[in-house]
């Protein structure tokens with residue numbers, strides 16, 4: 001296998017300057033592994049590089065004898081979210097991803113607000129989003145779900161498929177060709193592992209769908225980079241119960257571009273679009289040109305992103321300032 005087939009391009013080659021390179025394929029608490037094109041290698045983190053600062057999909061330079069990582073190459077794209085319990089701190093999801101497979105199912109898991117979050121995440125970093133509706137063989141009319149998903153944004157497409165059907169999965173081939181990387185994201189049990197198995201030919205333990213809430217269970221607990229039968233690469237991720245947004249302001253504006261375009265027409269420049277007279281957004285809702293629930297979701301996402309981004313920036317500034325403070329001198333004992 002060539003490095004190009006792994007996704008290594010001229011931009012990475014320029015940074016590597018002839019050094020040995022590997023693409024991170026697995027990140028565990030006690031081990032980091034990478035692919036070199038000819039082998040899989042175990043890698044060591046140098047002092048100063050924390051495990052949470054690298055992620056699956058990263059390109060690194062390393063010492064082939066010791067396995068010590070020398071540098072993490074600048075990323076083309078990086079997917080991240082607010083960490084669980086501390087949304088102001090960034091948690092890396094995957095790096096150098098071309099397409100984000102946003103997986104949901106034609107049942108209770110289908111949630112417009114969650115899909116909009118993933119769309120905003122993808123748009124904010126320049127990754128192409130593709131919504132995948134699984135379990136399309138279960139309901140009699142999956143077209144309703146598909147129509148709602150396709151109506152979320154003109155920037156995103158959606159496909160309804162049976163993840164157990166090889167011919168259906170073959171429709172994803174254009175996004176997983178040699179040198180291309182896609183990442184699977186979504187709630188637990190929506191069929192991500194089934195898609196991974198079908199596209200890679202690998203086996204993974206999955207469990208059935210619970211009848212009471214249409215949710216399934218699976219054993220994916222760590223992110224991993226795997227090659228598909230089409231030659232491209234697929235990153236599987238553990239199911240996410242929440243996706244706290246931060247640093248995704250541009251993506252939110254793109255997903256809700258039609259609402260953002262109305263803001264200049266508001267009477268007040270600091271209009272909150274909730275109660276002010278002369279609000280163009282509220283006028284559009286009253287005229288039936290905008291959906292009130294969608295407006296509420298937009299305002300919620302924007303406020304959340306602004307808060308988490310500002311809090312994260314403040315925390316980084318405090319850490320930087322603390323690092324620059326001169327060390328306190330110890331008093332001499334008499």
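For all residues, glycine too, the Cβ spot is worked out from N, Cα and C.
These features come from TrEMBL:
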DOMAIN    95-241  domain 'EngC GTPase'
BINDING   134, 135, 136, 137, 186, 187, 188, 189, 190, 191, 192, 193, 194  GTP binding site
BINDING   266, 271, 273, 279  Zn(2+) binding site
REGION    310-334  region 'Disordered'
- Most Cβ neighbours inside 10 Å, all chains, among the binding-site residues 192, 273: 192
- What number of additional C-beta atoms lies within 10 angstroms of the C-beta atom of residue 271 (Zn(2+) binding site)? 18
- Task: For residue 271 (Zn(2+) binding site), identify the closest of the binding-site residues 134, 186, 188, judging by Cα separation.
- Result: 186
- Query: Ranked by the number of other Cβ atoms within 10 Å of their own Cβ, which of the binding-site residues 134, 194 ranks first?
  - Reply: 134
- What are the other residues, in sequence order, whose C-beta lies within 8 angstroms of the center of the C-beta atoms of 266, 271, 273, 279 at the Zn(2+) site? 263, 267, 268, 272, 274, 276, 278, 280, 281, 282
- Note on the structure: The binding-site residues listed are 266, 273, 279; by CA-CA distance, the one closest to residue 190 (GTP binding site) is 273
- DSSP-derived structure type at residue 134 (GTP binding site), helix or strand or else coil: strand
- Task: Tell me whether residue 186 (GTP binding site) sits in a helix, a strand or coil according to DSSP.
- Result: strand
- Query: Hey, how far is residue 186 (GTP binding site) from residue 266 (Zn(2+) binding site), Cα to Cα, in Å?
  - Reply: 36
